[in-house]
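Asker: Structure below; questions to follow.
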């Protein structure tokens, strides 16, 4: 009994090498397209570090133009409150446990802006779990 390979059972080396080349090209090009297609907020969320390294000691609530609450998660173990001030272009990190900041958040919860309410609710929920 002899074992002979049929010609149809063999894989030509030319198609195998082109298949390997195609697989490597796809492997290296897919992550680049995925990173370019992701929105900016998704890329920020994938950074595994805290945004707020230092906290502002005090701030006038009338100077706050926008308030963003980032709940605790895999990127940072603590809740972060970031305020955009009316007279500055930089963001300021605030202490989420400060009584004044809690009052500002409660005032925002009473407002009509749904997105702002959602951010403030995330802060209240995460603060109650800590």
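The backbone N, Cα and C atoms fix where each Cβ goes, glycine too.
The disulfide bond feature in Swiss-Prot is assigned to 50-76, 52-93. Summarising the annotation, Swiss-Prot assigns signal peptide to 1-37 and lists similarity to another entry as the type of evidence.
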Asker: Do any residues at least six apart in sequence from residue 50 (disulfide bond), in the same chain, have a Cβ closer than 8 Å to its Cβ, and if so which, in order?
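Answerer: Looking at Cβ-Cβ distances below 8 Å from residue 50 (disulfide bond), excluding near sequence neighbours, one finds 75, 76, 78, 80.
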Asker: So how many other Cβ atoms are close to residue 93 (disulfide bond), meaning within 10 Å of its Cβ?
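Answerer: The Cβ of residue 93 (disulfide bond) has 17 Cβ neighbours within 10 Å.
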Asker: Give the sequence-ordered list of residues that share a chain with residue 52 (disulfide bond), lie 6 or more positions from it, and have CB atoms under 8 Å from its CB.
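Answerer: Residue 52 (disulfide bond) has long-range Cβ partners 80, 81, 82, 93.
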Asker: What number of additional C-beta atoms lies within 10 angstroms of the C-beta atom of residue 76 (disulfide bond)?
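Answerer: I count 16 other Cβ atoms within 10 Å of it.
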